[in-house]
Amino acid sequence: MSRMFGTDGVRGIANEELTAEVAYNLGKAGAYVLTEGTHKPKIVVGMDTRISGHMLESALVAGILSMGGEAICLGIVPTPAVAHLTRKYGADAGVVISASHNPVEYNGIKFFDKGGYKLPDELEDRIQSVIENNFEGVPCPTGEDIGEKTIIDDAIKDYIEFAKGTIKGDLKGLRVALDCANGASYKASVETFKDLGAEVYVINNEPNGKNINKDCGSTHMESLRKYVVEKGCDFGLAFDGDADRCLAVDEKGNIVNGDFMMAICAKYMKDHKKLDKNTMVVTVMSNIGLFIAMEREKIDLIKTKVGDRYVLEEMLKEGYKIGGEQSGHIIFLDYNTTGDGLVTALQLSSIIKDSNKKLSELASIMKELPQVLLNAKVTNNMKNIYIEDEEIAGEIKKIEEQMEGKGRVLIRPSGTEPLVRVMLEGENQEEIDKIAHDLVKLIEKKTK
């Protein structure tokens, strides 16, 4: 059987790939593996607003109870709320039913350990192994030993109080627009900003189970851009379906992506002596403009593979405080153990208020260099040709030398398709477009 777990838990089309049976098995195997079968597990369960969430929650919880576990059901809450509340409630694990920014037909199941961290590959593999071995040797409680379900109706209040505590002071005087993606942030983000005194304008906060991420949220920011200008807001903030990421819009309606947000936050943290080792962790997909800006600010950047789990790994290893991705997954380790859209939104808002500057002015800390991303079609066994072929390697080296540190070439094989992705950044869009197309042609010619 192929690996069930992807980079962010188990994901697929609900009721087709991610069936009730799969959810039941994951609940049962997860409850067993995460407590080593030594005691009755206590597992926190949360979900986003998808219509399939209730079906999968019922099955997942049945699996947990069948192992004698206690399922603490929080209802609809952001993914980072599950990470935080798993710790706060002293649970053995947390589970989120969500497919993040994906369309409504998808759903997913993701585990956190008792510390609120995403599971390492080894534990995920053990859960899969228990399922594949048909629960051989796994005890089957009966009678009084079967587990119980607890519902906490106001868990979101605990998360809101935690989030408010991540900034000093209030947000009075700020006029803020929020796009909740008809997702899990529809209560928490609005209540938090109102509690902190901001003047709040909201769109896409009427989830009906079917409209999550539909032309809204951090992956579709057109409506928020218009709304910010129309309402005369100081800035806008867009969450994705499970609210583990956040992107911003300045007062003119321009998108301020994760690279800009990280640059603003890292500089502020450094200026206030809160940036340990003057270092931030980013992925290889961050724009070279961020590297140029941070070098000017004397902030070191550590690069990881794409994926917030790799960013977190590096942060934990060296004790860095901030890291993230261009997509708006930003981790503030002083506050939470995973990307947290609401915490990110609050840090940025607090900086805007404290600095008394417009977001467009703060975002001028960096200049985003033009970028082009193309695919070269190759067979799966030829995905490393760009490393192995001397002519291709020589061409890449020549291009980078010509750019003199004001651009770069990034080539990486697709993990799922017979493609090599060719990304170029540089000062002139036309120039890099031509260079990228020529490089794709060369790679494809060499693989025929």
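Cβ coordinates come from backbone N, Cα and C, glycine included.
Keep in mind that what you see is a predicted model, and the values were worked out from it rather than measured.
Quick look at what Swiss-Prot lists:
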type     : residues                       : note
ACT_SITE : Ser100                         : active site, phosphoserine intermediate
BINDING  : Ser100, Asp240, Asp242, Asp244 : Mg(2+) binding site
MOD_RES  : Ser100                         : phosphoserine
Quiz item: Does the residue listed as 'active site, phosphoserine intermediate' have same-chain partners at least 6 apart in sequence with Cβ under 8 Å from its own Cβ, and which are they?
Solution: Asp8, Thr79, Gly108, Asp240, Gly241, Asp242, Asp244, Arg245
Quiz item: What other residues of this chain sit with their CB within 8 A of the center of the CB atoms of Ser100, Asp240, Asp242, Asp244, the recorded Mg(2+) site?
Solution: Asp48, Pro78, Thr79, Ser98, His101, Gly183, Ala184, Phe239, Gly241, Ala243, Arg245, Gly339, Gly341
Quiz prompt | Collapsed DSSP category at Asp244 (Mg(2+) binding site) | solution = coil
Practice problem: Could you say whether, by DSSP, the residue listed as 'active site, phosphoserine intermediate' belongs to a helix, a strand or a coil region? | Solution: coil
Quiz prompt | All-chain count of other Cβ atoms within 10 Å of Asp244 (Mg(2+) binding site) | solution = 34
Quiz item: Any idea which of the binding-site residues Asp240, Asp242 has the thinnest Cβ neighbourhood at 10 Å?
Solution: Asp240
